[in-house]
Amino acid sequence: MARGFIDCHCHISASEFTTDTDDVLLRAKKAGVKALVAVTEGASEFEKVIQLSKTYPGFVFPCFGIHPLQGSGQDLHSVRVQDLDPFLYLFQTYKDDIVAIGEIGLDFTPWYSSITQERDEQMKVFIKQLEISKELDLPVNVHSRSSAKVTIATMKELGIRQALLHNFAGKPSVAMEGVQAGFCFSFPPAVSKNEQRAKLIRQIPLEHVCLETDSPALGLDKHVRNEPSNVTISCEYIAKVKGISSDVVMEVTTQNALRLFSKLKI
């Protein structure tokens, strides 16, 4: 197996990368990144992420998913069923191309989903996409802000076996429920400034940890665009917290990623 990193959760189809995708991916390769798992937040990105996977074959691996929050800026709102239903056919159309269903999940942050109706709608969209993942035999790439316990419980209820909980911020006891279910957890560079997250990372076995950047967001400086090349920062931080070498973290997390995303061929 080639030595190197896998960025298990990034948004390379985001508008922030439109003008210099080549340069961004070249920097990633120079940093030792061997593959990007490219998630989407909405159906408007589906065709773009497929095109990127064809432009950069064997490096950009596409996922389809509808995020629990839709829109942007002042228009950011909790997802609705109509954000998913008209695009369900695309999951079937591109089932051979996509390597996972994501980014999907729940976001119960009070200012985005303050009422039961919004949370119920999110749950419907989440469950529909979990069912798609089972039908297509694909792993899920999952968001769980302010909803860690219910997110893990829902996946367990539906019999999900292959899941990545990205930028996980739940309690260690909740994380261990995910570990027992066989799920993996990934952490972006921004967590290196968070002592609570260090406690969490210490408790999760390395065999259940993956690397991610969540780029263009969640870099060390929130005012600077994050990039896949910064997956090295996540690796070094996890190594420091666990008291092991960066090489061991790189090797084990890459093995974990290849096991989780079985369609990745690097």
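Placement of Cβ uses the backbone N, Cα and C atoms for every residue, glycine included.
The DSSP secondary structure for D214 (Zn(2+) 1 binding site) is coil. Marked as Zn(2+) 1 binding site by Swiss-Prot on the basis of similarity to another entry: H9, H11, E103, D214.
Marked as Zn(2+) 2 binding site by Swiss-Prot on the basis of similarity to another entry: E103, H143, H166. The number of other Cβ atoms within 10 Å of the Cβ belonging to H143 (Zn(2+) 2 binding site), over all protein chains shown, comes to 25. Following the DSSP three-state reduction, the secondary structure of H143 (Zn(2+) 2 binding site) is strand.
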D214 (Zn(2+) 1 binding site), number of other Cβ atoms within 10 Å: 26
Same chain, 6+ residues apart, C-beta under 8 Å of the C-beta of H11 (Zn(2+) 1 binding site), given in sequence order: F17, A38, V39, T40, E41, D214, S215, P216, A217
Cβ-centroid neighbourhood (8 Å) of the Zn(2+) 2 site, E103, H143, H166 excluded: H9, V39, G65, H67, G102, I104, G105, N141, V142, S144, L165, N167, D214
